[in-house]
Amino acid sequence: MTNPSKPPSPPSSDALASSVGRTPFFAYSKEGLSSSADQALSFPNPYGLTVRYAMKACPTLSILKLFHSKGIKIDASSVHEVERALRAGYDYEDISLSTQELSEEFKGLVEKGVKLNCCSLNQLRAYGEAFKGKKGFKCGIRINPGVGSGGFSKSTTGFSKTNVGGPTSSFGIWVGSFTDGSIQQIIEKYGIEVERIHTHIGSGSDPEIWKSVAVKSLEFAEYFDTVTSLNLGGGYKVGRNPGEVSTDLQECGGTVKTAFEDFEKKTGRKIKLEIEPGTFLTANNGALVTRVQDIVETSDYKFYKLDAGMTDILRPSLYGAIHPCTVLPTSGADREKEEVVIVGHCCESGDLMTPLPGDPEALGKREVTKAEIGDYCVIDGSGAYCSAMNTKNYNSFPEAAEVMVWEGGGEVIRKRQTVEQQWENEI
Ligand SMILES: *Cc1c(COP(=O)(O)O)cnc(C)c1O
């Protein structure tokens, strides 16, 4: 009998490591994913809401199925992601496709019900060519409204590797193509019906920015009277580290709701809202569990080397992302703290888990519990763009396993890759 006042704790790292063979592995919290889904689904909206999971954040089958069971739909970023969502039980109609590479397969997918957002003038032309004269086909257009938020380590050019709007961003149709009439020309030429406006610029956590993004995006909806829904994309900031703010969806959504209501008063049109969180739904609901497998020192630094690295988490190397790192000693004795640099297992000096905050090129010293070889080191905030985005198989390290955990239990949702699977397609 379990004591009802004390819930059973999730399985220990040891239990999980033995269930998947060894570290490293990703562990996701079922309760956490479910509660983030509930928060997204309660985003304020006056005339209807569709929440789409930006599945590129973490496309593992069990996670897709969990969100499916909550009534969340899909934002796919390639035709291949569409295939993956279908495999998880989604219908064609549940999937919106906003892609940087519009492969040929898009025609068949749109015919079956996938909703395409054209992300460039060429994509709009391709859509027009494929569906001109055909009744009932409607598309969305993704517009780069000329402003962007999100991203950090902004240089003087305004470029940042996580910025998705403004003149340094290639995503979406540039606002200038709207003001100079190029979009309208293509639409008229093919008789395209624009049903959806999409602007994913990374709205951050400031309610005022949310409102201005909504107002700006609604201007495009106003221009096309066939538009029935507006998709504000994702990019909601999530605090991974102490002191960082997370987006309050109720607060930000409140200002968006007002913008939609004002639009209705002005135009009489009730526009439906779509949002596409990836990070918000998964980032803080996943962690990478690793072990410290070596400790070395130079004149200036002490390094902990993990049995994982850019082959599992690339964000610190790619754009200087800061992830919390916690040493969990395997032997019970009280340990002091020390300042160390944590690195990955690849023969690559860029395989750095602790870049200096604000300077991705420099080593950052991190104060952690003093580790011995064999201790666990947990990298938190690793549910989004980690398992999904890394230098998989570099140095021939096999892809890590994934487990889902909940109070009292856990299960393997993706097995560790075998070393043979890495060369199975080689001839
Ligand atoms: C990546 C992406 C998202 C999700 O972004 P997050 O920062 O993970 O919330 C949403 N929409 C589109 C079109 C995207 O490309």
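Note: Cβ is positioned from N, Cα and C throughout, glycine not excepted.
As recorded in TrEMBL:
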type     : residues : note
DOMAIN   : 49-283   : domain 'Orn/DAP/Arg decarboxylase 2 N-terminal'
MOD_RES  : Lys56    : N6-(pyridoxal phosphate)lysine
ACT_SITE : Cys347   : active site, proton donor
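Applying an 8 A CB threshold to same-chain residues 6+ apart, the list for Cys347 (active site, proton donor) reads Asn395.
When Cβ atoms from all protein chains are considered, those within 10 Å of Lys56 (N6-(pyridoxal phosphate)lysine) total 17, not counting its own.
The secondary structure of Lys56 (N6-(pyridoxal phosphate)lysine), as reduced to three states from DSSP, is helical. Looking at the domain 'Orn/DAP/Arg decarboxylase 2 N-terminal' (49-283) alone, the prediction's average pLDDT is 90.
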